[in-house]
Structure formats: structure tokens, C-alpha cells
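Notes follow the structure.
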Amino acid sequence: MVRWFHRDLSGPDAETLLKGRGVPGSFLARPSRKNQGDFSLSVRVDDQVTHIRIQNSGDFYDLYGGEKFATLTELVEYYTQQQGILQDRDGTIIHLKYPLNCSDPTSERWYHGHISGGQAESLLQAKGEPWTFLVRESLSQPGDFVLSVLNDQPKAGPGSPLRVTHIKVMCEGGRYTVGGSETFDSLTDLVEHFKKTGIEEASGAFVYLRQPYYATRVNAADIENRVLELNKKQESEDTAKAGFWEEFESLQKQEVKNLHQRLEGQRPENKSKNRYKNILPFDHSRVILQGRDSNIPGSDYINANYVKNQLLGPDENSKTYIASQGCLDATVNDFWQMAWQENTRVIVMTTREVEKGRNKCVPYWPEVGTQRVYGLYSVTNSREHDTAEYKLRTLQISPLDNGDLVREIWHYQYLSWPDHGVPSEPGGVLSFLDQINQRQESLPHAGPIIVHCSAGIGRTGTIIVIDMLMESISTKGLDCDIDIQKTIQMVRAQRSGMVQTEAQYKFIYVAIAQFIETTKKKLEIIQSQKGQESEYGNITYPPAVRSAHAKASRTSSKHKEEVYENVHSKSKKEEKVKKQRSADKEKNKGSLKRK
């Protein structure tokens, strides 16, 4: 991602940033202070930082040897995807895993960060409203930006999609311009100016900025600013709506994409097992009870779905959840069958048994100090511990036909969720999840965490999404990109209706903002206790990969930028792109060696 490019960062500053906010495998790119026009790749290796020089010859990018690439983005993508290629002279493998992104240049929601021109066109054309616009990063020139605007004219002729105009925004000396004499202090100032005046294309036609296309992606470390933006009221003809309402309404409209089959829950023999007749599990992700008589229709049914963070790679995510409805009298035995077959060791209950006089969940555990039989299993409640926010029960479960096989299960019941709405502040929920995760991580062979409320979608979805986002940030670092709306869409594709209300949607934002703030403070304390020292790394290439891949040429770039519609003169930076610095290059060719 181009947002790993930090235009104003020195080597010592890069080390401080990577050690203070990154994790092993975090990396960033920055301009070289030694050779103008070159770049440096700074990578955290365990607790240290190594710096790799990147040559920009004017025709290609490389590491003073090895593969050659058309763009800086392609070079970084290659070494990110081809793990094990880079190593220090001492043989230490240098892994590029997690981009440490720079802060967004603006908190405005029309800023989309790292998307390609093609992706921008797809978004704007799907919107279909002429003069809708967004701002994104330039893939071809790190540190610059692109203003993409949907025109009012078809791209190729009648019936074709509307044309999208891409206008490059250069950043020079901390000021922004589309060319010519007009410069601005910020992207926001530039956009606000051209919203009033329009932008004249080379053809003489004007491009207008009338309707922003809002993004939901945000740099995790900047989420507090996004919360402030979303809290702002947007004036309309009849009422003022905040950004949270807009985002949640947009999310609700996309539910039509999740029309997966729910046939098992609709079968007559299973209707009595559903707490709410229309809240049913998707067939493709439902938990199927094992060891049941196939001659008994519906015997393998329970209203529960597997949920996984599909936005993380398989090597980044080891956690699976089961989102379930609260137990009915008729489903308690099935619930314990599910817990046993899945080897679940942690159960999270986010409701009281009765709230406002309404039954939310049948108690499916015995009283403390007692034992009960549930179907094929014996369950003992050996201990209960009360805290200000939740109750922890320590349970033992064993099959009736093998009493010597005993598993311990920790049952966390959150008691501080109000009957309506959400908690007034997220600290209690974050502490609750921290305890749950510590327990789960202490059990290396434990199965999925079962999470339930009453219907198994509202509070359940909120808790799961918060935990997923916390895990992503903990894995990738504070400066990773997160997308709360996209995360909810992803879990809704696995269980219908997850995260039910705008209040729950906003609570996720507020919870993650507090998690980020707390994590920053912890990292500052840790970093203040560590020393810092590093130097430029000397990179070698393992023999097996020295020439295993074809070299990329300038003409083979995957990131072909669109024709930019800028008028006026070229920027000074563009005029310098093709200049050679052969004398400087010769001095640095010794910084890499082949094994």
C-alpha cells in the first residue's frame, strides 16, 4: 500500500516510529536523505530496525541489484509477497509483512487512501450521480494524490458508463496543487476551493465537485478524528443526520447482498428451536451437530453459525467464533453437544437471563457447587467469581459414557449491558474482552469461542466485531487500515443481521478509539524503557531465488495510471523524474551483495 510511504521521515524517526508503533515485520518507505530521488525501506526485525536502500534510476526501481520494477509500489508488493527473499549478511531473514502507514493527510471522509484508478471508477460509476468525487493516493508517484470525479458524459457512447476524470494533486513543499500558480495548505482547502470554482480540463470543459463519495476505511491510529467527523451533523432539507447514521443506513441497504439460504431453520421440525422465527442461521455456515440420528429430521440443527475474520490472511488469524442464539428449554442439550464437539473452552454470554421481565436466555448451567446432566453430558459448576462488570463461572463437562474425560470451560457473563442501547462507555467491554482473550490464548488447542446474547446477532455481533478489529490492530500495528463497515459486512455474510442498531455501530467506533488510545500509552511506556541503535542493512538474496522471477520492465507496470486531466504547467517534481544520478549510483552499488 502506498500509505507506507512517509515523505518527511528521517532514518532515526523511522526507527522510533517502527519500534514504538510497529510489530516485527512492520515496514515503511521514505525518501533517501543521502541520495536525492532514491528511497529507503525501513523494516522492523524483532526489536531492531534495518534500513534497505532503494535505487530509482529514472527507468526502474531496485535494491541496487536483484529484480527491477516499474514502480516503487510494485517493488514493495513483490518483496511483501515473496517472503524469505531478503536477508541480512548474517543470514537473518527480513520479512515485510505489515505496512506501517502514515497518518491520513485529512480526516475528511471523501479521502479513500489506497485504491487504484480502476477501483475509483467502479465506485463512482456504481454511484451514478454526475460530479460525485473522491480523493485517493497516487500509485505511480508516492506522496501525491488523485482527485477522481464522475463526469456527466458517457465514457464511450450512449448506454456506456459515465466517464471518470482523474486529476493529479501534487504535494510540493507541504502545499497542494493541481498545477499552475494556485497552491493550498491542505487537501481540504484545495477541495473546498474547487467545489466553488470547478476545475478546467485541458479541453476547456469544466469538472465540478458537488457530491463527495465517502469512505469507511480509516487509519486505525486516526480513528478518533474519524469519530469526530462522523459526529458532525450533515444538514439536509428536513433534518440533520450525523455521519454514523449515514454509514449505518448504507450498511443496511447492502443487506440484499447476503441473501443466502436459511432452509434448515425454516423446516417445520426446527421451528421450535428458534427463539425468533425470522432470525435463522445461514445454511452455508451453520454449526451441524455431530453424532445425531440421520433418520430423525432436524436432529443436527442448532441456531448457530461459524464466524471468522475473512479479512485477515490464514497466517494472521487463528481465532474462530460461533455466534449463537440464547438457549431455549428445547435447545440446552444441543448447546452442550455443540460446545463438546467443537472443543469450546470459552463461552461469552452478553445478556442477563431476564431483562425488563422478558426471558432472554434459559440458564443452561447448574447452580454453583452442583452438577446436572444435559443430554449426553454431565456439567458441574465448581466456582463462580463476581466482578463489577461480569460473572465468571468455572464449569467441567464430561460425556456420560466416559466420566474420566473432563474438560474445563470458562463461562463469562457480561452483566453491565443496559436493557436498551449500549454501555455509556466502552472501558468495561474492553476489559471484559481482554480477560476473555487472555484465557483463550492460554489454551493453545481450544476450539471456537461461543458468543451469544438472546437473538445472537445484536450484542453478539458487536462483541465479535470489536474483538476482530482489536486482533487486526494487535497483529498489524497501530497504523494499519481498518474498515468497520466492511468488517460488519463480512460477518453479516456468515450470520444474518450481525450488529443491529446505529447505537451498536457507533459503539464499535468508540470502543476501538479507546483501545487505540490505551495501546498507544502502553507502547510509549514500553518504548521509553528500551534503547535504540541500528544501521543500514546489507541485503543478500538466497541462491534459490536470485533469478527465479522475470525482471519487471517500466512498460509492464500493473499500476497504469489514467490520463490525468491537469492543466497549466508541469510541477518541478515531474520535470526531475527522468534525471539520472549515475555518479551517486556508482558509489552505492556495493551496498548489496549476492550469496
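Heads up, the Cβ atoms here are built off N, Cα and C, so glycines get one too.
Among S57, S186, S472, the residue that Swiss-Prot annotates as phosphoserine is S57. The substrate site in Swiss-Prot is built from D419, C453, S454, A455, G456, I457, G458, R459 plus one of Q341, Q371, Q500, Q514, namely Q500. What Swiss-Prot records as phosphotyrosine, among Y111, Y536, is residue Y536.
Comparing Y61, Y78, Y377, Y390 with the features listed in Swiss-Prot, the residue bearing the annotation phosphotyrosine is Y377.
Minimal Cβ crowding within 10 Å, among the binding-site residues G456, G458, is found at G458.
Over all protein chains present, the Cβ of Q500 (substrate binding site) has 16 other Cβ atoms lying within 10 Å. Proximity of D419 (substrate binding site) to non-local residues of its own chain (separation of 6 or more, Cβ distance below 8 Å) is seen for E355, K356, given in sequence order.
Look at G458 (substrate binding site): DSSP puts it in a helix. It is S454 that, of the recorded positions S10, S57, T394, S454, has its Cβ surrounded by the most other Cβ atoms within 10 Å.
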